[in-house]
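Below is one structure; the comments refer to it alone.
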Amino acid sequence: MEQTFIMIKPDGVQRGLVGEIISRFEKKGFSLKALKFINVDRPFAEKHYADLSAKPFFNGLVEYIVSGPVVAMVWEGKGVVLTGRKIIGATNPLASEPGTIRGDFAIDIGRNVIHGSDAVESATKEIALWFPEGVVNWQSSLHSWIYE
């Protein structure tokens with residue numbers, strides 16, 4: 001089954017959106033496989049966002065991620081990467097549809113509440129970076145009510 005990496009950024013944590021965000025993924029039928037509440041240091045943030053290191057906003061992004069605790073999670077389910085991106089909404093909150101996390105809770109692109117893997121390959125890489133110890137192998141008793 002497919003897995004994705006989701007991170008609630010410092011603004012989402014500070015604004016008390018952790019429960020709401022987890023609830024949206026659970027209500028869709030996805031399974032939480034790993035969760036950490038963590039303060040990220042600069043080298044780790046730089047490693048996570050290494051693919052953006054040449055962008056002009058890179059330093060500001062890293063400063064933002066290390067400014068407070070984040071919630072790092074692994075979610076599992078059929079099509080979870082693509083569907084997770086739809087639940088999250090567009091990177092720019094002003095382009096996000098109402099009903100998405102960013103459409104409902106974010107205004108500025110630099111404070112957009114949440115990160116989600118953009119492809120299965122990046123999810124695999126991000127999960128390995130954030131959860132080198134692995135994830136919890138379990139299945140919800142609701143699994144047969146969600147999947148054919």
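Placed from the backbone N, Cα and C atoms, the Cβ positions cover glycine too.
As written in Swiss-Prot, here are the features:
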type	residues	note
ACT_SITE	His115	active site, pros-phosphohistidine intermediate
BINDING	Lys9, Phe57, Arg85, Thr91, Arg102, Asn112	ATP binding site
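Separating the Cα atoms of Phe57 (ATP binding site) and the residue listed as 'active site, pros-phosphohistidine intermediate' is a whole-number distance of 16 Å.
The residue listed as 'active site, pros-phosphohistidine intermediate' falls within a strand when secondary structure is assigned with DSSP. Annotated pair the residue listed as 'active site, pros-phosphohistidine intermediate' and Arg102 (ATP binding site), C-alpha to C-alpha distance, rounded: 10 Å.
The Cβ of Thr91 (ATP binding site) has 15 other Cβ atoms within 10 Å, all protein chains considered. The Cβ of Lys9 (ATP binding site) lies under 8 Å from the Cβ of Tyr64, Ile65, Val70, Arg111, Asn112, Val113, Ile114, His115, each on the same chain and at least six residues away in sequence. Maximum C-alpha to C-alpha distance over the listed ATP-binding residues Lys9, Phe57, Arg85, Thr91, Arg102, Asn112 is 21 Å.
Counting other C-beta atoms within 10 Å of each candidate's C-beta, the recorded positions Arg85, Arg102, His115 are led by Arg102.
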